[in-house]
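Inspection log for the structure reproduced underneath, given as structure tokens.
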Ligand SMILES: Nc1ncnc2c1ncn2[C@@H]1O[C@H](COP(=O)(O)OP(=O)(O)OP(=O)(O)O)[C@@H](O)[C@H]1O
Ligand SMILES: [Mg+2]
């Protein structure tokens, strides 16, 4: 049905298109009709108070939970019923708010495993992973970027918190997906670590679509092309940083307090 | 070492460091029958080789894939039955299939069964997988008395390995010929299983074991990754079954029942699931203990059981884990520090264990020997098992040994700490 989207229309098709997305856990309606369209190559931030449903939105988009109703399209393809691995193969990669790595494997192995599918190895049992220089090189390059080269052979589980966060991001970006979703990538990092990681994120998402949950307003306003504000399962505003900052609804519901505290 | 030759875009397939353990292992297998020449020794070595293949295949599930199976003997047993049937076909129809290739049929059959079972059992790991493996194990064992044509009922299926076409004049009449056949398959299977662990799907098996959910967000279906490991494990278990059929020329329900499945779990755990060579150690130690202990004592299973419990409780990394714990002291050049404390702690502990075992042997003799037969022999000493003195000596030795070991244990703990601290670290 999407034969045309490949060619001429692809620039016009949004990277992500979400229509009336709803999710209930039992009786609690957590996602209450979200509509959002994120263009290809856009850097989009999702902000909102604790418990607003930002992580849930990520989980619904990436196939971790099935939505109660509504649709999510990735480059025009409906994601309904697809498993996370199928969505990932379509070029979407995400990180987790709570670090989600392979604790018993070495740091290097963590990164290499995240490259395998993207580099076309699939379920092959006739290749040796350590025979491919390209694979090793790519993994080492990622380690270099996330500053973990000197931790290469340690089990990931023994890294410090900040190092594990960096690895989490490394695993997410390694495969070179063109839509990258980061759930609070800098949570718990120091100022200098945050600066470093944000710089890295800016570099690796060049010409890609980035969707990011972030609490640090300085980071959000510096990086995002557009911002959506999610409050109690609804997007109350979407727009450029300036528009969102000026939006009275946002100021009332959420931002005002933060901005005042900042100044 | 840092040679970057121009032409090769790929690292060497074989490096000296990588090949050395395999060369040493193969050499070892070659000369062993020259050292231990008796028929019974060769029988034990054959048993060992078969168990190694089986345990390595089991560890593809448990250690590498994080799948706790209570029914892995099914795939070995099925491979075994298939092979023994093949032996009979070869005899009945004079098929030109030489005996040494037979295990491949066992492997393929084990693999086929694993594909069927794995198609639903690998959907989930953890408890669900374990329960399904148990159920399937029970089911197949029950089938063996129903489907007599394949399983041969109670007495199983037997064959004659010497009926095939001779290979270079070898008819496999002698144990030693079977030994070399088995050893060949052992090296080949172990090598293939090792290489499997280095492939993309083998690496992802570890990832899925550690964190199946995250693997899904990297493009891999945890379920399919488990399935591939499961099928590969079924293949090598089938090879082990084929080797069993060739060695013993009979396969029965006992080869695929839950007892067998349970013991391969214990053997693998004893050797250590965390390292590739762990199951090899487990199989060697277990087979040795089984064949040596069972000659010495009636209650050898009790000792094995205690050994397993001790392993699970105190050394969850198994024998391989204990060995690998010592790499750091060796690298720091401080392993020497451990020698004295080891002797001072382990020797009394060993004496304590021997005393305890003596006590148990006497009690067992007391209860189970024929009436009037009071004389027993233990540690090359004959005495009256009904008198108090021997058991008193045993218990005192046990108490004394353990007391000494406990007294010296802190010294060992200190030495261990010291041996693992780099020089210049806190003393
Ligand atoms: N699996 C689940 N089952 C039941 N309730 C859930 C589940 N996941 C999330 N929730 C609920 O949904 C609401 C939104 O949670 P979510 O984690 O999406 O918020 P968030 O915006 O990411 O918050 P934070 O800023 O704290 O990360 C919370 O009230 C939470 O308790
Ligand atoms: Mg969240």
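For all residues, glycine too, the Cβ spot is worked out from N, Cα and C.
Among the ranges B:12-32, B:201-221, the stretch that TrEMBL annotates as transmembrane segment is B:12-32. Of the given residue ranges B:368-386, B:387-405, TrEMBL assigns the label transmembrane segment to B:387-405.
When Cβ-Cβ distances below 8 Å are used as the criterion, the transmembrane segment (B:266-289) is approached by residues 21, 44, 47-48, 51-52, 54-56, 58-59, 62-63, 190, 194, 197, 300, 303-304, 307-308, 311-312, 317-324 of the same chain, each at least six residues removed from its ends. For the transmembrane segment (B:102-121), the partner stretch with the most Cβ pairs below 8 Å, chosen from B:12-32, B:44-61, B:224-246, B:301-325, B:345-366, is B:224-246. Sequence-distant residue pairs (6 or more apart) of the transmembrane segment (B:172-196) and the transmembrane segment (B:12-32) include at least 3 whose Cβ atoms are under 8 Å, placing the two stretches in contact. Against the transmembrane segment (B:73-90), stretch B:128-152 shows more Cβ pairs under 8 Å than any other of B:12-32, B:128-152, B:387-405.
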